[in-house]
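Heads up, the thing below is written out as structure tokens.
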Amino acid sequence: MAANMYRVGDYVYFENSSSNPYLVRRIEELNKTANGNVEAKVVCLFRRRDISSSLNSLADSNAREFEEESKQPPMTEQQRHQLKHRELFLSRQFESLPATHIRGKCSVTLLNETDILGQYLEKEDCFFYSLVFDPVQKTLLADQGEIRVGCKYQAEIPDRLAEGESDNRNQQKMEMKVWDPDNPLTDRQIDQFLVVARAVGTFARALDCSSSIRQPSLHMSAAAASRDITLFHAMDTLQRNGYDLAKAMATLVPQGGPVLCRDEMEEWSASEAMLFEEALEKYGKDFNDIRQDFLPWKSLASIVQFYYMWKTTDRYIQQKRLKAAEADSKLKQVYIPTYTKPNPNQIISVGSKPGMNGAGFQKGLTCESCHTTQSAQWYAWGPPNMQCRLCASCWIYWKKYGGLKTPTQLEGAARSASEPHSRGHLSRPEAQSLSPYTTSASRAKLLAKNRQTFLLQTTRLTRLARRLCRDVLQPRRAARRPYAPINANAIKAECSIRLPKAAKAPLKIHPLARLPLAAIVKELAAQAPLKPKTPRGTKTPINRNQLSQSRGLAGLGGKRGYEGAAEGHRPPRVGASGVPFSANGRPLAGGLRAGPPPASKRQKLNPADAPNPVVFVATKDTRALRKALTHLELRRAARRPNLPLKVKPGLPLRPGGALAPPPPPHPASTSEPIVLED
């Protein structure tokens, strides 16, 4: 009963998704809605997986500094990995959640220098925090509520001086003496002098115009003159005059008039006091934020002094009573029964009971965290195409602490799959390489600028696993989807099961006859035309709209050309104006275009400064040619992009019988050749 009773101030788990970890929240209020449900106003706490990688690096550096200062005992890599799951980041963000989504209690404490980090791993449902996360500004700051406990915060007590030994310390840096208890005055004389000081303060307020407006009555002026500021001034006057009453009274009333002493309660106006009460309601006793957002013209010391004086007024007592009455009307606690419904990610065995999560999972898979093969219950985890799963204990650890017990690459893949902006950390060339408009050749050149060339060399066991576990790997399907990851652990586990059985019947691996390297180089040199060397400084005109010619090998063609159905090559089509069309629908000029070449800058091309990949934009004629093809011809052309495409001759006619006029030139085309210079 007590475990399911949740009160204001408890740290609890909230479940907002069946596959994601629990949310850790602190209950601030429990409110009952109009339809009878209970909502909890909670403070948000964030995990490491909820913040960016740059803030994670900042948290790592803060953790290293804490370990060095507090002299923590050494820990293993697995303990450091699990300790990151116990760290939370406090925030000032509030949200309202249904109380029925509570899944249990936990403990969150402020990290202290005397704490041992390993103790948090020994306790269940135990977390700590030392930094504050701002979700709006995306910043991490140290918590201001740090408890200063430790050797560096202790006072250094000097040795006691012997009798007759002089004090060699600098007396100017020491505290100044403001009152001597061994003074020659009696207590009655001191009280009489304080009464005189109050009377002088009341008379000074009667002479001051601004004070007479704020305290129009004599009673209010006398009450203001009886504050601590008047008493402090009277006692300081006695100390400065050597406890001589005659000199002290003369100091209270100098030649210009009586001395008026005001505190923060008198200096602040009524509007400033209302602003302070509003800020105190919003931020609490966070005086830095109160000064920054509400009272920037006040000093921090003035705000702190006003707060403690304000607590002695009737206004504070009235607000305290109102808050107490409001708190009595709200719920103090709520009972939430234990959640017993099955999780949708639970894998149900196909033989016992059908379920949507049980289908498609291969036998022999291990837990992604502890690599066990036996568990009372399994849960689907990670991206669906990976077919990963967790055992019962690792699933509970994942839901509570937001990670796996052992570090793995799939943990980062599961986190990135749930993040909507998974390309935010990529550079511009890497993000362009993932674009569907980028060709494979341009993508390879683009990535070669920022990455070094590497070679993946398979082992003999990997090649055997490809043949033994062909049904699990599905190589043809994997080749059509190279971007989809392959679960290597599942294939490895299945191969270890099938390999002893397959050892009795060895595989027949036929060696592939490959040509020697010299023969391949000779054939490539024969097929590739030699490019004549251009003298340095000469201009080489290039026409964009010339027909694409084959460059390199015969099997690797450029942009596809169109051929007639009966002839080998059909002549270029001619419009009504007599201008021929190229294969992609742009006007084709014979040879070079007329007109003088434009003046261009001398440029030296650098592979690292190469332009972005070219994107081919389809024109109206190209779309019309596509519509002329049948569905079977389109599929055949997609499977063999290197072969020329055959289309039916003829152009669509207008109602008058004339050929359709050519479309206007593409905006990207120009009437002048482009000149590239070495």
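A Cβ is built for glycine as well, from the same backbone N, Cα and C atoms used for every other residue.
Across the domain 'BAH' (4-144), DSSP classifies residues as 38 helix, 60 strand, 43 coil. Summarising the annotation, TrEMBL assigns domain 'BAH' to 4-144.
Here TrEMBL flags 145-256 as domain 'ELM2'.
Look at TrEMBL and you will find 263-315 tagged as domain 'SANT'. Secondary structure of the domain 'SANT' (263-315), assigned with DSSP and counted as helix (H, G, I), strand (E, B) and coil, comes to 38 helix, 0 strand, 15 coil.
The annotation region 'Disordered' is assigned in TrEMBL to 412-437 (among others).
Residues or ranges marked as region 'Disordered' by TrEMBL: 531-610 (among others).
Residues or ranges marked as compositional bias 'Polar residues' by TrEMBL: 540-551.
Marked as region 'Disordered' by TrEMBL: 638-678 (among others).
If you look up TrEMBL, you'll see 640-659 marked as compositional bias 'Low complexity'.
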May I have the DSSP-based helix, strand and coil counts for the residues of the domain 'ELM2' (145-256)? 62 helix, 0 strand, 50 coil
On the 0 to 100 pLDDT scale, where does the domain 'ELM2' (145-256) sit on average? 80
